[in-house]
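*Asks:* Quick one: structure below, then a few questions.
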Amino acid sequence: MASVHESLYFNPMMTNGVVHANVFGIKDWVTPYKIAVLVLLNEMGRTGEGAVSLMERRRLNQLLLPLLQGPDITLSKLYKLIEESCPQLANSVQIRIKLMAEGELKDMEQFFDDLSDSFSGTEPEVHKTSVVGLFLRHMILAYSKLSFSQVFKLYTALQQYFQNGEKKTMEDADMELASREEGERKMEKEELDVSIREEEVSCSGPLSQKQAEFFLSQQASLLKNDETKALTPASLQKELNNLLKFNPDFAEAHYLSYLNNLRVQDVFSSTHSLLHYFDRLILTGAESKSNGEEGYGRSLRYAALNLAALHCRFGHYQQAELALQEAIRIAQESNDHVCLQHCLSWLYVLGQKRSDSYVLLEHSVKKAVHFGLPYLASLGIQSLVQQRAFAGKTANKLMDALKDSDLLHWKHSLSELIDISIAQKTAIWRLYGRSTMALQQAQMLLSMNSLESVNAGVQQNNTESFAVALCHLAELHAEQGCFAAASEVLKHLKERFPPNSQHAQLWMLCDQKIQFDRAMNDGKYHLADSLVTGITALNSIEGVYRKAVVLQAQNQMSEAHKLLQKLLIHCQRTRNTEMVISVLLSVAELYWRSSSPTIALPVLLQALALSKEYRLQHLASETVLNLAFAQLILGIPEQALSLLHMAIEPILADGAVLDKGRAMFLVAKCQVASAASCEPLKKAEALEAAIENLNEAKNYFAKVDCKEQIRDVVYFQARLYHTLGKTQERNRCAMLFRQLHQDLPFHGVPLINLL
């Protein structure tokens, strides 16, 4: 179940999707790229309405805003963008720039003189207050302030810009005519050369204030909504370093660097960038200008709060507690109730393993409602629901609490928390063993559209809750034997959350667990053992448990028992009830595999009591199966059969396919054992019913490709057919058993012989 406090941190960059870069001292200036954009605007004004179609005009208008706000690009790329919108205009722009670059300096001066004519007349081509008009006026003003030497350098840069563009265009044409193999080899060299030239052209100077604001706003929005569309961590850091090289006091660039380093789990660099952000914010006086002297203290307390959140994210709980205490002290001195509420929420996150943490959480929710903080109040409610789910509260009470929080979400349009709430419901239903309800909630989240307005082509649900729901969906399909569907879900997860993204660990663990289960079902214990290392790297407790399962399957009972005992003590100390029950079941299996079913009974009863107390239906059903098998081994099949009749319904309704097969196999064993003392006619009927149950169990095992269980089923069927005198069916099952027995590794005594 995902943590619902993952996004609870102060983000000063984003306010209604706009980055506030109020400490930037660099104004707009003229570059060769901006001259090319000015030529495009001039040609658009000179071209009549009949020469350009309505659709082309619309595409050009959509292209203008990113060209005006974005960073400088190469001339060849600019040509391609214009050509995609209007090929005729692209040709005119290319000719105009060529004449200017191959002409004389006076041609460029005449061009800037003619730009002022765009505002003249009763019906000017461009309004002075429009986006295009402001850009033209800024460029005209910046050009008029240049000295003669600066104008000459600008013209020289324009010539170099044009020559690089022409060279790139000719090289692209040559590459199209060359053969495929030669073209591929040449492409690698050209990419290297072009990247260097692009850096020389586009990164020769700092970005202007508007370009920097647009770049930071765009990347911050992509990191939040669709990380795959953002620059890679290395590329983004390179651009930020270049930006900070010309203006090291640009605080918001340090904050974006902090977010970027969080993507790759770099604790040192992220801490460094976060501290630099608040240092620059205080040194520049940006907060103090807007909030008076209070701004200084506000920066300090939020710096400590963010530092606490950072340490908590990386598991440094002692450092996080110290930073949080500092934030609380400064917030109390300043009487900042909002900051104190954030601190109270993080206090719960740090102390949620304590038994009295729910008191702190309830107090946090009440205070958040009192101060009108719906986001914090909803996070508190969902954390409270999560805690009570682990405490074994009934599902109807939890769903009622989530319903109240949903009303809060829809009232305040908190789309991110709506997604978290649905993912929370999915996890709760899976925890309680209700796979059908979990599947319904996961699909509901996938079919939802976000309330946030994002750009076209940007995925709206690339959040942690979306990844959690997809992982649940993959595991649910794998449990039902639909491995092809599970693979498709995982493939989609890998595309949407690349390995370098911050939520990639969720699908990595899910993928490793599914592969492990398939390897165990197929009897490939060496392959399962190799997967344990990857699982342990992502989740140490899960990895240790899987290692014990592999050792047990390989008949290394003493090593498995030692590992399980250590894991049991650790999980009891950390109150991981779900894992405690799983470990107890594995310990009980060790006992009856070692021909000690009487010792296994108290362990199984302890596991059953815990699963009933915490309402874990899946684990309770699995415990009942183990209890029934222990009773069968002890020679009381009638009681085992009555116990199975009580547990078979939830298993067939919501259980995994493997559990359904085990249940039907065990029912057949109990039927045969119960009919041993019956009359011949009733015994034959019981054996026929057992064969039908065995066929059903075999179909279940075939869905998950569990060959070892199929081998045991056909062996048992052969014995039953032999008892009934059905020679042909017996021989068919015996032949199938022999084939499977030769293909599969053999470890220890088959459990069927214990009957």
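First residue shown is number 1, and so on along the chain.
Placed from the backbone N, Cα and C atoms, the Cβ positions cover glycine too.
TrEMBL lists these features:
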type: DOMAIN; residues: 30-168; note: domain 'Anaphase-promoting complex subunit 5 N-terminal'
type: DOMAIN; residues: 254-353; note: domain 'Anaphase-promoting complex subunit 5'
type: DOMAIN; residues: 458-490; note: domain 'Anaphase-promoting complex subunit 5'
*Asks:* Could you tell me what the rest of the chain brings near the domain 'Anaphase-promoting complex subunit 5' (458-490), counting residues at least six beyond its ends with Cβ under 8 Å?
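*Replies:* Tertiary neighbours of the domain 'Anaphase-promoting complex subunit 5' (458-490) are 1-2, 6-7, 221-222, 225-229, 416, 419-420, 422-423, 426-427, 430, 435, 438-439, 441-443, 445-446, 448-450, 452, 496-497, 503, 506-507, 509-511, 513-514, 517-518, 656-658, 703-705.
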*Asks:* Return the average pLDDT for the domain 'Anaphase-promoting complex subunit 5' (458-490) as a whole number.
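*Replies:* Taking every residue of the domain 'Anaphase-promoting complex subunit 5' (458-490) together, the mean pLDDT is 87.
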*Asks:* Going by DSSP, how much of the domain 'Anaphase-promoting complex subunit 5' (254-353) is helix, how much is strand and how much is coil, in residues?
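*Replies:* DSSP classes over the domain 'Anaphase-promoting complex subunit 5' (254-353) add up to 85 helix, 0 strand, 15 coil.
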*Asks:* DSSP says what for the domain 'Anaphase-promoting complex subunit 5 N-terminal' (30-168): how many helix, strand, coil residues?
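*Replies:* In the domain 'Anaphase-promoting complex subunit 5 N-terminal' (30-168), the DSSP-based counts are 108 helix, 0 strand, 31 coil.
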*Asks:* Per DSSP, what is the residue tally for the domain 'Anaphase-promoting complex subunit 5' (458-490) in helix, strand and coil?
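*Replies:* Tallying H, G and I as helix, E and B as strand, the rest coil: 24 helix, 0 strand, 9 coil.
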